[in-house]
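Have a look at the structure below, then the notes.
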Ligand SMILES: C[S@@+](CC[C@H](N)C(=O)[O-])C[C@H]1O[C@@H](n2cnc3c(N)ncnc32)[C@H](O)[C@@H]1O
């Protein structure tokens, strides 16, 4: 078994407990079998995206969907594409499932687990039309930088799963991390910056509670958009 290599990896998240209200617990129990995607620590099978969504449409992966506000807004406005939102935080996943049902969205599926594991072991190269990562955890302390999502090996993995011409969109409210993201993405020769430096705010991206907290704390918001060559 190769579990050692899987389990020893540095994670980009802190496992956290979260309380679920009754509505969310109910949504998880009812809707997970329909729209949930389990991401085991050691996946043994590839994910069949066409089978998952019941059609062959371009797929957008959102990494760290949190409470799912961006997923809901963007998937509702973009019915021709399918959205796979992934987070490790169960209450957020439950909340997203509840809203997907409430809005009658058919183009959203929700993964629970580590998006890096999903990308590396469950998605084949060139299978995604876009990857979104909005407000990835900034891990501000230097000793935690190794946990960041945006580092060269993760970026190479993300890029490899994008189809040629596919778009990687991200945003952060952490200025120093924004610079690192810009440098790391620019250094990947398989990606081309869509703009000269940072991107204008993506109009379809709603202000999440997380972003709002950053704005209220006086932080600037940085968007980035890179296309796979
Ligand atoms: C700062 S929050 C931002 C949430 C949301 N995108 C927003 O803008 O409100 C970052 C989220 O990324 C999730 N996360 C971090 N690393 C992850 C990983 N490897 N796989 C899945 N989710 C991850 C965390 O659990 C957290 O919910």
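Cβ coordinates come from backbone N, Cα and C, glycine included.
Per TrEMBL, S-adenosyl-L-methionine binding site is recorded for 62, 87, 114, 137. DSSP gives residue 137 (S-adenosyl-L-methionine binding site) a coil state; it is part of no helix or strand. Spatially close to residue 137 (S-adenosyl-L-methionine binding site) yet at least six residues away along the chain are 12, 13, 14, 64, 147, 148, 149, judged by Cβ distances under 8 angstroms.
Annotation comment: TrEMBL describes 141, 173, 208, 209, 210, 211 as substrate binding site. Reduced to three states, the DSSP call for residue 211 (substrate binding site) is helix. Around the Cβ of residue 211 (substrate binding site), the same chain contributes 134, 135, 171, 173, 221, each under 8 angstroms and 6 or more positions distant in sequence.
Around residue 87 (S-adenosyl-L-methionine binding site), a 10 Å sphere centred on its CB holds 24 further CB atoms from the protein chains shown. For the binding-site residues 62, 114, 173, the greatest number of Cβ atoms within 10 Å around a candidate Cβ is found at 62. Of the chain residues outside the S-adenosyl-L-methionine site list 62, 87, 114, 137, 12, 13, 63, 64, 65, 66, 86, 88, 89, 115, 133, 136 have their Cβ within 8 Å of the site's Cβ mean position. 87 are the binding-site residues among 62, 87, 141, 173 whose C-beta comes within less than 6 Å of an atom of ligand 1, given in sequence order.
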